[in-house]
Amino acid sequence: MQPPGNDAPAGCPFSGARAQGTQAAHEAPHVPGDAGEQAGWHNAQLDFSKSMSYGDYLSLNAILNAQHPLSPDHNEMLFIIQHQTSELWMKLALFELRGALDAVRSDALPPAFKMLARVSRILEQLVQAWNVLSTMTPSEYSAMRPYLGQSSGFQSYQYRQLEFLLGNKNAQMLQPHAHRPDILEQVRATLDAPSFYDEVVRLLARRGFPIAPSRLDRDWRQPTQHDETVEAAWLEVYRHPQQHWELYEMAEELVDLEDAFRQWRFRHVTTVERIIGFKQGTGGTSGAPYLRKMLDVVLFPELWHVRTTL
């Protein structure tokens, strides 16, 4: 503290003239943005003219400028972002599923479990996303629907690959992508290859379970069908989990995944019914009735049927 009448010490933010005649020169209160923090905020780097920033790393300029509404309607932005973000999540789901597939082929099951769990959480995220789109009313959607043309989520090539990778194969679903040879090649490759569940069935055989040869070497372009020898293997796993712990955990991860996938499908059809009722879909399908039919698809049939047998 300075004696009354003395000038303020050097460096004090108050001028000497202001300090004179006071009982004491008070220390200036801390104010964000004061001198000393002008060059940086809490030691954070603020100059990115010569280094990579957050936006640079995430390519935000490209992502945030990828929304191009075709209608004057305010709600179209929601519709676009809902579907774009869903495609990003599906990209990650495919990435994780293919990583898990490689792990199963090499008998590295613990890493596969982690990746499968992540896919299930991604699907839960996609389920919650329908709550946002559900804020769109029928009248709001009707205002922008004419601008969509024939475009439809039915044509999502990432979703189609996800279905194929999970075993719901249908060669007719290649046709919507025939106009894009590069995309068609990707989707066809997924159709032609064993599904994730096919590789798990092969894993059962490698672990000594007597799986029918016709199940181990089949037409991979066909959807998964129930097989008695596969169910018998899962029955043994569930009856003696301690002896087959990795396979037991694999079974439960797959059930979790299909459970989440079913919830996503259900929220999809419910949202469609809420917004457009039973109108035909923009892609030419029957809309909600088509989506309801998809609710009956079972991806891993033996894992569900074995619960009745236990």
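Glycine residues also receive a Cβ, built from the backbone N, Cα and C atoms like all the rest.
According to Swiss-Prot, the feature region 'Disordered' maps to 1-39.
According to Swiss-Prot, the substrate binding site annotation covers PHE79, ILE80, ILE81, GLN82, HIS83, TYR141, ARG145, THR282, on the basis of sequence analysis. Sequence-distant neighbours of ILE81 (substrate binding site) (same chain, six or more apart, CB under 8 Å from its CB) are GLN67, listed in sequence order.
Residues or ranges marked as heme binding site by Swiss-Prot: HIS268. Within 10 Å of the Cβ of HIS268 (heme binding site) there are 19 other Cβ atoms, across all protein chains.
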Rounded inter-Cα distance in Å - HIS83 (substrate binding site), HIS268 (heme binding site): 12
Assigned conformation of HIS83 (substrate binding site) - DSSP reduced to three states: helix
GLN82 (substrate binding site) versus HIS268 (heme binding site) - Cα distance in angstrom: 12
Residue among binding-site residues PHE79, TYR141 with least C-beta crowding, 10 angstrom cut-off: TYR141
Number of Cβ atoms other than its own within 10 Å, given for ARG145 (substrate binding site): 18
